[in-house]
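Per TrEMBL, the feature active site, charge relay system maps to Asp149, His222, Ser565. Positions annotated as domain 'Inhibitor I9' by TrEMBL: 26-104. Annotation comment: TrEMBL describes 140-624 as domain 'Peptidase S8/S53'. According to TrEMBL, the domain 'PA' annotation covers 410-478. Annotation comment: TrEMBL describes 671-765 as domain 'Subtilisin-like protease fibronectin type-III'. Annotated signal peptide per TrEMBL: 1-22, in sequence order.
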Amino acid sequence: MKLKLVTFLNLLAVLHLSTSFAQRQSYVVYLGDHNAKRTASEIKSAHHSFLSSVKRNKEEAKASLIHSYKNVINGFSAFLTPDEAAKLSEMEEVVSVFKSQPRRYKIQTTRSWEFVDLLSNGGGGSSLGGEQLLRKANYGQDIVVGVLDSGVWPESQSFSDDQMEPIPESWKGTCQVGIAFDASHCNRKLIGARYYLKGYEAYYGQLNQTLDYRSPRDSYGHGTHTASTVGGRRVPGASILGGFANGTASGGAPLVRLAIYKVCWQIPNQFVYRDITCFDEDVLAAFDEAIADGVHVISMSIVPYELNPYMQDGFAIGALHATRQNIVVLCSAGNDGPTPSSVRNVAPWIMTVAASSIDRIFSSPVILGNGMRIEGQSVTSYELDKMYPLVFAGDVELPGTTNSNTTGQCLLGTLSPELVKGKIVLCLSGYSYNAVKGLAVKRAGGIGFILQNPLIGFGISVQTHVLPGTAVFYSDAYTILNYIKTNQYPLAIILPAKTLLDTKPAPFMAGFSSAGPNGLEPNILKPDITAPGLNILAAWSEIASPTNLADDNRVVKYNIDSGTSMSCPHVAAAAALVKAVHPDWSSAAIRSALMTTAKQINNLGLPITDENGNVATPFRYGAGHFQPSKAIDPGLVYDANFTDYLLFLCNSGIDNVYKFKCPNEFPSPSNLNYPSVAVSRFQDSTIVERTVKNVGDVPSVYYVSIKPPVGYSVEIFPTTLVFRNVGQARSFRITITKTSRQTDAFVFGWYQWSDGTHVARSPIVASS
């Protein structure tokens with residue numbers, strides 16, 4: 001009878017949940033850390049108790065629980081009404097309660113690592129060559145990088161464990177089996193794999209297994225791409241369709257161990273372009289287990305749509321717990337640039353990575369009927385054999401399918417097959433993915449298409465289109481349009497693409513790369529650093545097409561992609577190499593080493609520019625372009641510990657986190673011991689303090705150089721730092737004073753310490 005009663009009560013709970021579906025939503029209830037050693041069962045029981053206090057009965061409470069975080073993070077996710085969430089947030093033990101939001105990727109290698117090595121060896125300072133660095137770091141052999149993404153394609157040659165050493169004894173993770181994924185798919189390279197979809201299924205319902213694998217296997221390609229960029233083995237002869245970008249594919253740390261945490265899944269009911277999404281509560285669950293598993297670095301190429309307070313952001317919470325264990329956490333800056341304050345993942349315990357170019361393009365020019373040559377770029381393997389009639393999409397649309405905002409953009413269902421068949425179509429940017437525009441032309445019977453690059457400037461993200469096609473610079477599209485409008489029989493041919501190396505200038509900032517200032521705390525500069533993120537070749541899922549179009553049935557082993565999703569794993573690999581050389585360094589010290597050795601000069605010996613050729617600022621590249629070979633010997637580091645971050649949170653009114661009580665007085669955000677300096681909203685003068693630790697030669701003497709922001713003076717005292725021991729720390733004060741009335745909201749400068757061998761450079765951002 002008791003069993004029947006419990007079953008009946010469970011049924012009532014489920015019925016109540018389903019009838020209140022319109023009101024209930026998934027919330028994360030964050031409780032800080034575990035303050036006592038408890039079993040997993042005891043922790044889950046405690047979480048049920050919280051829910052029971054706002055639910056009608058215990059059965060309803062149990063039925064509402066989604067995730068229970070039991071390892072390092074203390075908290076849970078559950079179905080709650082807004083009223084229930086509000087009641088929980090008022091409890092003393094609860095740090096925060098926030099609604100889980102789906103996070104979608106904004107889409108946004110053979111050459112990139114070679115380019116990084118070339119750039120690093122083009123200047124002075126202490127530096128090893130790329131191969132010397134790898135040997136010194138043993139190619140990352142004993143470092144474990146956790147990749148939170150869309151899973152992995154384990155059969156890729158990039159994940160071979162041939163001749164690798166046994167798995168480190170410190171590893172505590174597992175190889176979670178699932179659909180098309182068993183224990184044999186893990187090896188000495190892919191040492192762990194897990195998947196998390198309770199949050200996804202709470203929002204979308206049960207996973208459609210014709211759409212995605214209920215396992216760590218990647219059906220989309222993005223996760224395989226990022227994982228192989230971090231730590232893929234060296235694979236000679238790798239290229240995409242058509243043989244473009246041919247060379248030896250390699251991750252930055254070829255022998256690093258990879259642990260895969262699949263947190264992103266394909267969105268259902270997408271019939272044209274397949275996209276993926278990730279949920280806060282699933283990401284938190286992955287963080288909780290990755291920390292317990294024993295990873296050293298976490299790479300996460302996921303970006304939220306909007307900024308949220310630190311303790312209402314699952315990424316920031318998970319990263320803070322990881323930092324407590326000295327795990328380096330790196331995240332993408334976002335692909336909403338160059339809009340000011342578009343940068344995301346801005347918590348100071350996260351290393352935020354922007355995206356820039358490398359010195360390679362895929363030239364595919366357009367020749368017009370009048371002989372004019374228009375530069376274009378593409379990696380499309382299809383070729384044209386002659387000139388074809390050229391039309392503008394706005395002139396060949398079906399009546400009533402577009403308006404003044406969408407005309408000319410080659411949207412699906414807008415093109416007239418009668419007017420398009422056998423012609424090349426010029427498509428303007430906007431309102432749909434570039435690959436979808438090509439599909440629209442193909443469905444209408446077009447022979448090829450010319451795509452207007454959606455970003456003003458000279459950075460083009462290439463794709464493997466489903467028909468002959470090339471992308472031209474934004475302004476050049478109007479040159480082509482003028483040719484069409486002024487000629488009775490316009491013609492064109494798209495020339496086959498060719499790979500060109502050693503292009504200049506490089507790097508330049510990718511137009512899509514999200515920019516500062518930091519919209520949550522302007523006294524912390526974000527992004528932190530930049531790395532290659534434009535047209536990067538890496539491994540791909542062999543069930544995913546190169547375009548992610550539902551109608552594209554082509555299969556590739558390697559693919560080119562662009563975004564800060566691609567730049568983040570580059571820096572994650574560098575962090576792994578630094579960790580391998582300096583296993584006792586804190587996560588803050590590793591971040592500092594990467595930032596203070598970054599470069600602000602391109603391969604022409606000139607300042608790095610933005611996508612328009614203008615000199616870029618730290619709001620675009622942070623400290624500069626990373627140089628891994630210099631980062632292992634930075635000379636000085638700016639260190640910070642977990643308590644420093646808790647004191648930083650006091651500025652946001654966050655108290656009593658991790659049983660830490662904010663003191664009556666605490667440092668301002670500008671005084672966090674960060675490798676960059678940002679000051680805002682001050683009157684005439686402000687003082688910030690920094691402390692550097694010697695990790696280089698002894699004895700050593702460092703002298704300061706300063707370039708103040710325009711309209712400000714900068715004084716640093718003392719001007720000389722003397723170190724007699726490794727690990728010795730020295731503090732200094734930076735006084736920033738207004739010297740004139742500034743019209744610009746933000747101005748930039750820098751200071752650096754040098755002993756003649758090492759240079760530790762920090763950007764300065766000031767605004768009044």
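In case you wondered, yes, glycine gets a Cβ from its N, Cα and C as well.
No curator has checked TrEMBL annotations; they are predicted automatically.
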Kindly report the helix/strand/coil residue split of the domain 'Subtilisin-like protease fibronectin type-III' (671-765) according to DSSP, in that order. 1 helix, 56 strand, 38 coil
Residues of the domain 'PA' (410-478) by DSSP state, where helix covers H, G and I: 19 helix, 14 strand, 36 coil
By DSSP, what is the split of the domain 'Inhibitor I9' (26-104) into helix, strand and coil residues? 28 helix, 28 strand, 23 coil
If you measure between the CA atoms of His222 (active site, charge relay system) and Asp149 (active site, charge relay system) and round to the nearest Å, you get 7
Can you tell me how far the Cα of Ser565 (active site, charge relay system) sits from the Cα of Asp149 (active site, charge relay system), in Å? 10
Within the same chain, the residues at least 6 apart in sequence whose Cβ is under 8 angstroms from that of Asp149 (active site, charge relay system) are Asp218, His222, Gly223, Thr226, Ala227, Ile260, Tyr261, Lys262, Val263, Cys264, Met300, Ser301, Ile302
Fewest other Cβ atoms within 10 Å: which of the active-site residues His222, Ser565 wins that one? Let me know. His222
For the domain 'Subtilisin-like protease fibronectin type-III' (671-765), the mean pLDDT of the predicted model: 95
